[in-house]
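Going by Swiss-Prot, these are the annotated features:
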type	residues	note
BINDING	53, 106, 107, 422	ATP binding site
BINDING	104	Mg(2+) binding site
CROSSLNK	20	SUMO2 cross-link
CROSSLNK	210	SUMO2 cross-link
CROSSLNK	214	SUMO2 cross-link
CROSSLNK	265	SUMO2 cross-link
CROSSLNK	275	SUMO2 cross-link
CROSSLNK	279	SUMO2 cross-link
CROSSLNK	392	SUMO2 cross-link
MOD_RES	2	N-acetylalanine
MOD_RES	26	phosphoserine
MOD_RES	346	phosphoserine
MOD_RES	539	phosphoserine
């Protein structure tokens, strides 16, 4: 028999055993590995659980540089979380997948995955094989998704009647920092999406929706601008602050005299040479300005800078200009104004000019901050949501909240079917899965019942976060759903006196809810199939 370790004695002569390679042992196998994975996933899910619903709490995340972010957006919390365990990293990826595909429901998907693993742990303790649990979960997920199709309702996606879209956006924004003015934010999000939406293809190009923010003012001062906002001002303080009926030259070429492409050297040996060079530069600038004016342009927007002499000449020639405008903004301005980006000065013609009814410089409070607003554009399919707020953190959180709302409205344009929130859809699915489990003759029925119990964790977390007794509230809602045959009954988180989520207008998209169940189940199946953790350099012992 091989030696297990080394026998040693302490200072009092008492023997103890130093087990061989104990300090280097990090490999986990079998049930021990599964329990470790489940524990890590549960830790992440429990962190997220308190952020669920309209009464969910925010998290303060501090990064390595000391920058603070306050948010209750699941994807943001997890992306900023410092996690070492590989399974916890998978939970972060799960949330990111939900965010990339749907844009909302990132907290719920993690809480559901954590609940499924918690239930799986109890089944493992009872001796059920992980593969049987995974198969049972797969069957249950199929039943739940089919049931969601049966209980879903269709909403009218119409530009003239936007109320159903606004109510769905309000549900998403209800748990965010903007919930004090979530009606206004929902209307802004709906109007922005419907402005840029391509109803024939049933799709929305988010590149056409720009979200800008500026510290100062209140959240209620947030507005939708049918045009583009650029964080720049006119290049000279004496240029006019407002240009009406603007014909815009959009330049990506440097506003300076042409230079040879090859390496060159200019010898200036006298004052006359220097004056001649200065005169040449001035003539060239005047020629360029004249070329712009001949096309009919009365505003130049330049991606590159120009020196003070050129700036002064622009002022003398009554040609307002903006310099150092970034590439994405240049593209948006071109789309909005119907202009063409000009990469070479020689290619500038009247046909390539953009048009805007009004270009004006706006200033904020007592600060020197200024921004340029380009509105009444030729093509109104480019919009900007301009957010105001008391501090940078509120503005950043409002941006994240609006992103979720925009995604939800886009999903409704793609598929106009909805289910009811407040845990109503999960409770109804749990009842359907339980009924189906009773018909299952194999061992998988235990996993299906566990799946039903895990689905009920969402409504229980909602009631817990709202200060109610979770078990009592959940029992009442479940009993009423069975008795009244009404799948729209959920948790009355806002204490409005009714559990009917249809009356409360708590609406969630069907594709978002389906994706939550599918992704959480796939993730849990994958974790249940891992029984060994190997790291580089480990021996076979």
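Heads up, the Cβ atoms here are built off N, Cα and C, so glycines get one too.
Given the structure is predicted, the values throughout are model-derived calculations rather than measurements.
Comparing CA positions across the recorded positions 104, 210, 265, the one lying closest to residue 53 (ATP binding site) turns out to be 104.
For residue 210 (SUMO2 cross-link), the count of additional Cβ atoms within 10 Å of its Cβ stands at 21 [all protein chains shown]. Using residue 214 (SUMO2 cross-link) as the reference Cα, a 10 A cut-off selects 392 from the recorded positions 104, 107, 279, 392. The secondary structure of residue 210 (SUMO2 cross-link), as reduced to three states from DSSP, is extended strand. Around the Cβ of residue 104 (Mg(2+) binding site), a 10 Å sphere holds 27 further Cβ atoms from the protein chains shown. Ranking the recorded positions 210, 275, 279, 346, 422 by the distance of their Cα atoms from the Cα of residue 104 (Mg(2+) binding site) places 422 first. Here residue 346 (phosphoserine) is compared against the recorded positions 107, 265, 392, and the shortest C-alpha distance is to 265. Comparing CA positions across the binding-site residues 106, 107, 422, the one lying closest to residue 279 (SUMO2 cross-link) turns out to be 106. Residue 265 (SUMO2 cross-link) counts 4 other C-beta atoms within 10 Å of its own C-beta, drawing on all protein chains shown.
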